[in-house]
Amino acid sequence: MAWPNIFQRGTLLSQFSHHHVAVFLLTFFSYSLLHASRKTFSNVKVSISKQWTPSAFNKSIELPVEIWSSNHLFPSTEEATLFLGTLDTIFLFSYAVGLFVSGIVGDRLNLRWVLSFGMCSSALVVFVFGTLTEWLHFYNKGLYCSLWIVNGLLQSTGWPCVVAVMGNWFGKAGRGVVFGLWSACASVGNILGACLASSVLQYGYEYAFLVTAAVQFAGGIIIFFGLLVSPEEIGLPGIEAKENFEEDSHRPLISGAENEDEAEPNYSIQEDKTITQVKAISFYQACCLPGVIAYSLAYACLKLVNYSFFFWLPFYLSNNFGWKEAEADKLSIWYDVGGIIGGTLQGFISDVLQKRAPVLALSLLLAVGSLVGYSRSPNDKSINALLMAVTGFFIGGPSNMISSAISADLGRQELIQGSSEALATVTGIVDGTGSIGAAVGQYLVSLMQDNLGWMWVFYFFILMTSCTILFISPLIVREICYLMQRRQARILSG
């Protein structure tokens, strides 16, 4: 078997300098902190719901009604839960819109400035939303919606920027392994958010928001002063310059045709190879790149499922099994553990095969079975954690791979000669489309669980996972055929 470049040119680590390690860690933890602040909201939903419906807990007839109705936003816990789902939907819609814009902005401005601004500004909004309003005992639905719209827009600066920076530093060799491991940043952020929230939740949910906002703001300052956007900033050759001196022994992981001679680009980004300053491509041109639309639609379905676990898993465990909120927060970590392992292992396998779609297809088929199994989990924490980790492996793994390694492949394919000026835009399109699907899903989940029950929510997840496979089925067929032809050619030549 012909192994990919990571095995043909020595170990992967030998190609990296301390600058690569620093960039890996800084981008990893910057996005982890952004995700930690999002996870905090999902981890304290039960507490917020109780705070917004205090009349249900008024057991004293001695206190005046005005005291209990001052922060009485909703007459019942069900209505409070529905509003929490609405906030998730509002956040994801604004996040999706912001991703389309942030990708374009990131390709035209300094990525470090955009990322740092988004982290610090988002931290301030989270502080106002969860901490300041509680300290002032000011509860207003319009204010909550407005703040969460702004937070979605600010948080959207994160993913396109960090993927573009990683794409500037890490080339084609071993991208599945590197990005598979690096894409665990979201899951690590979820774990960090759950740990921070559960550690201070006993003092009030406002302190969970305070801690995560403070840590995120500090991270934004570190990014502003410490992140190197590209090797050229310190006089090192860029990824494209390095790869031009090396002859690739395998076909590109993302290609628009079966061989290079058949590829006929509709436009040219670099007509003259001597030109070093590349103009950023337009939004329409990025959408026309092979694979972008297919993976964007597939990610819309898959991110709906993945983010539903992200937003609703602690609430589901507490609501369905009656477990304490802090225990549910800690138990939900196992879903992210499965996603970390799944993204890394599946990225490694896709590097070995030199194709991504077949690995995704197998994982998603197994994900359907894991969803069926988890929906029937008994009221046992150990069994639930095991089934949760398996589900995270087959759902979170493919989600991490599409949003990171595949987005980097799409933004650096041969039709645009690997221009980094397209990478943030393509990443914004893929993740933005995914966030639109996730936004619609969060509202549907809140409606389904309120009217039909949790089992119908899992049926919905199975349907969306199947749609993910459907959208990338042409790519799956084409890449499987290519792998079979390559195997037959080796047998004949051998």
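The first residue you see is number 1, and the count goes up from there.
Yeah, the Cβs are placed from backbone N, Cα and C, and that goes for glycine too.
Summarising the annotation, TrEMBL assigns domain 'Major facilitator superfamily (MFS) profile' to 23-480.
Sequence annotations record features per position, and here TrEMBL assigns transmembrane segment to 12-34 (among others).
If you look up TrEMBL, you'll see 80-101 (among others) marked as transmembrane segment. Long-range neighbours of the transmembrane segment (80-101) within the same chain, counting only residues 6 or more positions beyond its ends whose Cβ lies under 8 Å from a Cβ of the stretch, are 38, 41, 45, 48-49, 52-53, 73-74, 141, 144-145, 148-157, 159-160, 283, 307, 311, 315, 428-429, 431-436, 438-440, 442-443, 445-447, 450.
The feature transmembrane segment is assigned by TrEMBL to 113-136 (among others). Sequence-remote contacts of a segment are chain residues at least 6 beyond its ends whose Cβ falls under 8 Å from one of its Cβ atoms, and for the transmembrane segment (113-136) they are 30, 33-34, 37, 40-41, 44, 51, 102, 105-106, 143-144, 147-148, 150-151, 154-158, 161-162, 165, 204-210, 212-214, 216-217, 219-221, 223-224, 227.
Per TrEMBL, transmembrane segment is recorded for 148-170 (among others).
Feature annotation from TrEMBL assigns transmembrane segment to 177-201 (among others).
What TrEMBL records for 207-229 (among others) is transmembrane segment. Counting residues 6+ beyond its ends, the transmembrane segment (207-229) has Cβ neighbours under 8 Å at 19, 22-23, 26-27, 29-30, 33-34, 36-37, 40-41, 43-44, 110-113, 115-120, 122-124, 126-127, 129-131, 165, 168, 193, 196-197, 199-201 in the same chain.
Positions annotated as transmembrane segment by TrEMBL: 292-313 (among others).
If you look up TrEMBL, you'll see 333-350 (among others) marked as transmembrane segment.
For 357-374 (among others), the entry in TrEMBL reads transmembrane segment.
The transmembrane segment feature in TrEMBL is assigned to 386-410 (among others).
Within the chain carrying the transmembrane segment (422-444), a Cβ under 8 angstroms from the stretch's Cβ atoms is held by residues 85-86, 88-93, 95-104, 106-107, 111, 156, 159-161, 163-164, 167-168, 269, 280-281, 283, 285-287, 289, 292, 295-297, 299-308, 311-312, 402-403, 406-408, 410-412, 416, 460, 464, all 6 or more beyond its ends. The annotation transmembrane segment is assigned in TrEMBL to 422-444 (among others).
Residues annotated as transmembrane segment in TrEMBL: 456-477 (among others).
Sequence-distant residue pairs (6 or more apart) of the transmembrane segment (292-313) and the transmembrane segment (456-477) include at least 3 whose Cβ atoms are under 8 Å, placing the two stretches in contact. Contact between the transmembrane segment (333-350) and the transmembrane segment (386-410) is present: at least three CB pairs lie under 8 Å, with pairs separated by 6 or more positions in sequence. For the transmembrane segment (177-201), the most Cβ-contacting stretch among 357-374, 386-410, 456-477 is 386-410 (pairs under 8 Å).
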